[in-house]
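I have placed the structure first, in the form of structure tokens, so that the comments after it can refer back to it.
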Amino acid sequence: MVLTSFVEVQPDSHFPIQNLPYGVFKPEPGSEPRPGVAIGDYVLDLSVIASAGLFDGPFLKNSDCFNQLNLNKFVGLGRPAWKEARVTLQKLLSATEPTLRDNPSLRQKALVSMVKVQMLLPVVIGDYTDFFASMHHAKNCGLIFRGPENPVNPNWFHIPIAYHGRASSIVISGTDIIRPRGQGHPTGNSPPYFGPSRKLDFEMEMAAVVGAGNELGKPVDVNEAADHIFGLVLMNDWSARDIQAWEYVPLGPFLGKSFGTTISPWIVTLDALEPFASDAPKKNPPPLPYLAEKISKNYDISLQVFVKPAGQEDTCIVTRSNFMHLYWTITQQLAHHTINGCNLRPGDLLGTGTISGPEPESYGCLLELTWNGQKPLSLGGSTRKFLEDGDEVIFTGCCKGDGYLVGFGTCSGKILPSPP
Ligand SMILES: O=C(O)/C=C/C(=O)CC(=O)CC(=O)O
Ligand SMILES: [Ca+2]
Ligand SMILES: [Mg+2]
């Protein structure tokens, strides 16, 4: 029988009792941020549940991790505490459990209507790294930026490639993005231009939120890496392709990426995603032993990107992809990140890289979808090579269970013009 909650959950909701993703919210504009979990159209206030003494297991009983302004302390406690919280909350919210169901005053304090709350970044992100783990994306970018000779660099099949991103400009879904200015790639013999980016793009990604960290000098074994990942969010790695193409040789992305990165507010835990695990693609050549995992898995998360063009009422779908298309898994990414002794800390964010599938309809950014502007997309009444001021980009992702969904909600942002 499918587990159900006493809180009414619509069949198309991303947040049934099987999900219970974590976020940080303000119930009212003036109130303090606090951790919560999403259930149907409500947010369960975990500070209220903790104060009522309802986290009574060994890891959470005497912890103040839910009386914090962010989730760093909770995610840093590690998997045993996450499991305990999930069991406690699933029981508390289930249709057959009277504790909260039959206590109207506690229910009124603890369950806040989702439309009324303001969502904030769920964790303080100390460091952010962005991988490059979809082979289809790597190949398409290679063809566009470097030509058909060697589109995928030979190192790519041996090493999960990444660059260090900028944590300070990571923003929560719904935050406007200001078109960056910078030096643009010259054409032919012309000098570089300076001004508002002419090739502003989105990148459809997901990101792993690091839970328990590792000590400096102590790499994480790939087979234990999942214990260091609390969960996943949707992520838009906004990219200015003209700035990027000119600046990235030889040190990689810099100002073409660091002006803004958007994440969705709800962290869906690996425990909630487990029923949707799928085999990761076979690696050829086989990876080095430190990256060879006993169980190599992805998750079947279908991903969609919509654009609402400036001035238009209608939102148009521009891509359909799936998390399953990643070549390097998130556990291989995490193990690789620490193999030199680098320490990860609770709340660090590891972007997967753009998740492109094999078909053109599943490409994860406009660079690929329009082939660097050569094949404009038609969007209702208008066409786009890249994003224009006023365009809004909306990502969504979800897993289809038997009679329920486990979803991520949305990750959106609107482009504002560059400053004059
Ligand atoms: O191939 C390149 O030169 C650049 C590719 C990207 O911009 C991708 C990047 O940010 C990593 C990713 O999203 O996969
Ligand atoms: Ca990226
Ligand atoms: Mg970015």
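Cβ coordinates come from backbone N, Cα and C, glycine included.
Residues Lys257, Thr261 are given by TrEMBL as Mg(2+) binders; from Asp237, Asp242, Asp279, that same site also lists Asp237.
Record note: TrEMBL gives Glu203, Glu205, Asp237 as Ca(2+)-binding, and the candidate from Asp127, Asp130, Asp271, Asp300 in that site is Asp130.
Nearest Cα neighbour of Glu205 (Ca(2+) binding site) among the listed binding-site residues (Phe132, Arg146, Gln244, Tyr248, Thr354): Thr354. For the domain 'Fumarylacetoacetase N-terminal' (18-122), DSSP puts the residue distribution at 40 helix, 22 strand, 43 coil. Annotated pair Lys257 (Mg(2+) binding site) and Arg146 (substrate binding site), C-alpha to C-alpha distance, rounded: 19 Å. Between the C-alpha atoms of Phe132 (substrate binding site) and Thr261 (Mg(2+) binding site), the distance comes to 15 Å.
In sequence order, Asp237 are the recorded positions from His137, Arg146, Asp237, Gln244, Tyr248, Thr354 with a C-alpha within 10 Å of the C-alpha of Thr261 (Mg(2+) binding site). Checking the recorded positions (His137, Arg146, Gln244, Tyr248, Thr354) against Asp130 (Ca(2+) binding site) with a 10 Å Cα-Cα cut-off leaves Thr354.
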